[in-house]
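Participant: Below you will find the structure I want to go over with you.
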Amino acid sequence: MATLIASENFSPIEDAEVLRRSVKGWGTDEKAVISILSHRNAAQRYEIRLAYEGLYHEDLIKRLESELSGDFEKAVYRWILDPTDRYAVLAHVAIKKPETDYNVIVEISSTLSPEELLAVRRAYQLRYKHSLEEDLAAHTTGDIRKLLVALVTTYRYDGGEINAKVAKSEADILHDAIKDKAFNHEEVIRILSTRSKTQLMATFNRYRDDHGISISKNLLDDGADDFQKALHVVIRCLNDPKKYFEKVLRQAIKRAGTDEDALTRVIVTRAERDLQDIKELYYKKNSVHLEHAVAKETSGDYKAFLVTLLGEQD
């Protein structure tokens with residue numbers, strides 16, 4: 001369930017006019033930007049961008065980029081983008097870091113539907129004139145490269161059928177690989193990157209039933225390397241993305257120095273999907289409401305924007 005509270009009384013032209021006044025002249029009316037954009041869904045935001053360009057012959061996204069700054073600018077920029085473009089930007093930023101942020105690539109490839117992932121790959125090509133897999137392969141090596149390229153290029157079956165024999169067989173394959181520490185076995189990558197999410201859930205459940213421990217817990221040990229950690233993220237994203245994102249938020253808030261990138265990414269990408277469910281999980285885990293935790297660790301317009309996306313009325 002989403003947290004976004006979208007306006008029902010919506011006029012893209014009126015919104016475009018208010019946004020124009022908020023950025024014209026000396027200073028920017030950030031409160032006006034927040035009050036409009038944080039209460040508009042993806043389709044409405046797209047209509048506002050079209051109306052703004054038609055009225056003023058300039059790109060609203062570029063204008064906001066030039067007028068806003070810091071974490072607030074980054075959050076607004078990622079929010080106003082079309083969702084497929086947003087994921088393309090997030091993937092590109094993750095790839096271009098000095099050390100590729102494989103968690104972001106795993107999130108995108110493992111939590112989106114097959115059609116959504118395909119749309120992101122198209123958006124990436126259109127925006128950067130390279131394919132996502134091309135850039136990913138150029139910035140990674142070894143087993144991580146094999147895993148991530150397999151994940152972003154897959155087109156999983158999206159149906160609900162389950163083959164119990166396959167679940168049993170592949171649970172055994174995964175268990176043997178973990179027991180033998182053969183984490184990079186080609187069968188492990190094949191199973192995780194090609195099977196439907198429904199089939200994988202059956203496999204993970206069979207693994208737990210047969211071996212008395214969840215595969216995600218069995219995968220990590222004290223000496224876990226980056227590849228093991230990547231596999232762990234893949235399994236968590238496939239198995240229970242809401243629990244995964246709750247943990248990302250918890251770690252972003254509780255670390256020494258808030259991880260604003262992770263905080264922004266999760267709130268912006270999940271606000272129109274399942275952020276209400278993630279909020280409830282967060283409260284169960286931490287006995288603190290997520291919006292209160294975010295408000296405590298952020299400030300100013302950035303804080304106001306995130307808290308509004310979390311469902312707090314401004």
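Just so it is clear, glycine is given a Cβ too, placed from its N, Cα and C backbone atoms.
For reference, TrEMBL lists these features for the protein:
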- GLY25, GLY27, GLU67: Ca(2+) 1 binding site (BINDING)
- ILE253, ARG255, GLY257, GLU297: Ca(2+) 2 binding site (BINDING)
- ALA295, THR298: Ca(2+) 3 binding site (BINDING)
Participant: Which has the fewest other Cβ atoms within 10 Å: ILE253, ALA295, the binding-site residues listed?
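Facilitator: Counting other Cβ atoms within 10 Å of each of the binding-site residues ILE253, ALA295, the minimum falls on ALA295.
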Participant: Given the binding-site residues ILE253, GLY257, GLU297, THR298, state which is nearest to GLY27 (Ca(2+) 1 binding site) when distance is taken between Cα atoms.
Facilitator: THR298
Participant: What's the CA-CA gap between ILE253 (Ca(2+) 2 binding site) and GLY25 (Ca(2+) 1 binding site) in angstrom, rounded?
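Facilitator: Here the two Cα atoms are 36 Å apart.
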Participant: Measure from the CA atom of THR298 (Ca(2+) 3 binding site) to the CA atom of GLU67 (Ca(2+) 1 binding site) and give the result in Å, rounded to a whole number.
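Facilitator: Per the Cα atoms, GLU67 (Ca(2+) 1 binding site) and THR298 (Ca(2+) 3 binding site) stand 20 Å apart.
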Participant: Going by a 10 angstroms cut-off between Cβ atoms, which of the binding-site residues GLY27, GLU67, GLY257, GLU297, THR298 has the sparsest surroundings?
Facilitator: GLY257
Participant: Just going by other Cβ atoms within 10 Å, which of the binding-site residues GLY25, ARG255 has the emptiest spot?
Facilitator: GLY25
Participant: Using the alpha carbons only, what distance in Å do you get between ARG255 (Ca(2+) 2 binding site) and ALA295 (Ca(2+) 3 binding site) once rounded?
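Facilitator: That comes out at 15 Å between the alpha carbons.
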Participant: At the level of the C-alpha atoms, what whole-angstrom distance separates ALA295 (Ca(2+) 3 binding site) and GLY257 (Ca(2+) 2 binding site)?
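Facilitator: Pair distance, Cα basis, whole Å: 14 Å.
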